[in-house]
């Protein structure tokens with residue numbers, strides 16, 4: 001489920017930057033810092049619960065978990081909207097329509113179709129991308145998403161970044177390739193799928209960035225459109241592929257422990273989706289991507305401390321540290337508005 005310097009998607013006016021008075025359009029706000037940290041926390045926790053479902057319980061249908069997450073997210077949004085807790089549009093921040101037809105007009109839903117379809121494509125490709133490649137090389141290639149995000153934002157919304165930011169992204173990519181240098185093997189199919197996954201991720205984030213300027217919807221509204229467009233498609237896909245039948249016949253499906261893991265996974269997915277939209281809206285799509293890199297580092301570090309046995313050598317650690325340094329320098333540039 002994956003995010004913009006504009007505040008047009010927020011329920012509240014964007015706060016003025018508190019870290020820099022020089023470049024208010026590029027400096028990260030205090031709210032932006034909180035949102036970025038919240039995203040990373042939700043992402044790491046979601047990985048833990050998804051890992052529990054897919055590995056500890058050996059649940060074979062990852063797409064069904066995604067379907068459950070979409071259904072629960074859409075239901076939560078509907079209930080909150082009907083109870084007048086949230087709104088779906090920027091202009092409707094304090095008054096919420098009570099008729100179902102007034103949730104989001106059909107034309108706005110249609111307007112958000114590129115975001116939803118790019119998300120669905122990103123999700124399906126990402127599921128395939130991990131199959132035929134080892135984890136160090138997968139991490140290496142996935143880190144190049146920052147480059148694709150910059151390119152997507154330039155071509156879709158004509159967004160440019162300073163030479164300092166470009167340098168930081170270059171350090172991140174260099175560190176990623178140093179980390180995977182010992183694992184470079186030319187599996188053309190796997191490389192191609194991972195790179196396509198990077199491109200679809202970048203397009204998804206850039207689409208959110210672009211539509212945040214023109215849709216008139218806030219983060220909740222875009223999440224709603226994403227859910228009502230993607231859920232029927234994914235439902236048909238899982239039914240056609242046999243995943244739904246496999247889920248019904250899954251031996252742990254009716255156990256309390258497995259159900260608790262799924263419920264917590266769905267709750268975290270909702271929070272994660274919201275934080276992705278909010279982080280990309282308040283900060284930028286590139287910031288969202290770099291936060292994803294930092295999240296990956298924390299996740300890998302946590303996994304190494306808890307599970308041990310990961311195939312890290314000195315060169316791998318050096319590359320990971322270099323990527324982390326690049327991410328920290330990027331965060332510094334954003335905080336200072338460089």
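Each Cβ is built from the backbone N, Cα and C atoms, and glycine gets one as well.
In TrEMBL, the transmembrane segment annotation falls on 220-240 of the listed ranges 115-135, 136-156, 220-240. For the transmembrane segment (62-80), the list of distant contacts is 1, 50, 53-54, 86, 103, 123, 127, 220, 223-224, 227-228, 230-231, 234-235, 237-238, 241, 243-244, 246-247, 262, 265-267, 269-270, 273: same-chain residues at least six beyond its ends, Cβ to Cβ under 8 Å.
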